[in-house]
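Written below as structure tokens is the structure these notes are about.
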Amino acid sequence: MRALWIVAVLLVGVEGNLLQFNKMIKFETNKNAIPFYAFYGCYCGWGGRGRPKDATDRCCFVHDCCYGKLPNCDTKWDIYSYSLKSGFITCGKGTWCEEQICECDRVAAECLRRSLSTYKYGYMFYLDSRCKGPSEQC
């Protein structure tokens, strides 16, 4: 499922939030979201279940939880204002939803940077079928 979604995003040429989130991830980690995070563990990419596999996957779990607190926002497609300078991501002004989505993405990108030292290439293309057990509460 995640693979189909990512391919669809690439084919459409998204100019919204997902592209912005990728830029934040690249800024913080020097890695492109695709392929390094799009299919990582049980929570990076579309959906998620089971227990996060490591600190990187936990960043994605927390990001999913953050989006989950914004049920009336278009978290995947809303375009928000932000800047990347002096080593920091700064979210700009916008609608309430845009500002909240930007903060979710900023916090996740910074979390991924902090988790770089424990990134495991074995989780890079992790099969959903290996994500077992109940999901944690947000």
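Keep in mind that glycine also has a Cβ here, set from the backbone N, Cα and C atoms.
Record features (Swiss-Prot):
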type	residues	note
SIGNAL	1-16	signal peptide
DISULFID	Cys42-Cys131	disulfide bond
BINDING	Tyr43, Gly45, Gly47, Asp64	Ca(2+) binding site
DISULFID	Cys44-Cys60	disulfide bond
DISULFID	Cys59-Cys111	disulfide bond
ACT_SITE	His63	active site
DISULFID	Cys65-Cys138	disulfide bond
DISULFID	Cys66-Cys104	disulfide bond
DISULFID	Cys73-Cys97	disulfide bond
DISULFID	Cys91-Cys102	disulfide bond
ACT_SITE	Asp105	active site
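Mapped onto this structure are the features recorded in Swiss-Prot.
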{"residue": "Cys42", "record": "disulfide bond", "CB count, 10 Å": "26"}
{"residue": "Cys44", "record": "disulfide bond", "CB count, 10 Å": "27"}
{"residue": "Gly45", "record": "Ca(2+) binding site", "CB count, 10 Å": "21"}
{"residue": "Gly47", "record": "Ca(2+) binding site", "CB count, 10 Å": "12"}
{"residue": "Cys66", "record": "disulfide bond", "CB count, 10 Å": "18"}
{"residue": "Cys73", "record": "disulfide bond", "CB count, 10 Å": "19"}
{"residue": "Cys97", "record": "disulfide bond", "CB count, 10 Å": "15"}
{"residue": "Cys104", "record": "disulfide bond", "CB count, 10 Å": "24"}
{"residue": "Cys111", "record": "disulfide bond", "CB count, 10 Å": "17"}
{"residue": "Cys131", "record": "disulfide bond", "CB count, 10 Å": "19"}
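Cα-Cα distance from Cys66 (disulfide bond) to Asp105 (active site): 9 Å (rounded to the nearest whole number). In this structure the C-alpha atoms belonging to Cys91 (disulfide bond) and Cys138 (disulfide bond) are separated by 23 Å. Nearest to Cys42 (disulfide bond) in space, judged by Cα atoms and limited to the disulfide-bonded residues Cys59, Cys65, Cys102, Cys104, is Cys59.
Relative to Cys131 (disulfide bond), the recorded positions with Cα atoms inside 10 Å are Tyr43, the candidates having been Tyr43, Gly45, Gly47, His63.
In the three-state DSSP assignment, the secondary structure recorded for Cys91 (disulfide bond) is strand. Cys91 (disulfide bond) is surrounded by 20 other CB atoms, counting those within 10 A of its CB over all protein chains shown. Among the disulfide-bonded residues Cys73, Cys97, Cys102, Cys111, none has a Cα sitting within 10 Å of the Cα of Asp64 (Ca(2+) binding site).
It is 19 Å from the Cα atom of Cys102 (disulfide bond) to that of Gly47 (Ca(2+) binding site).
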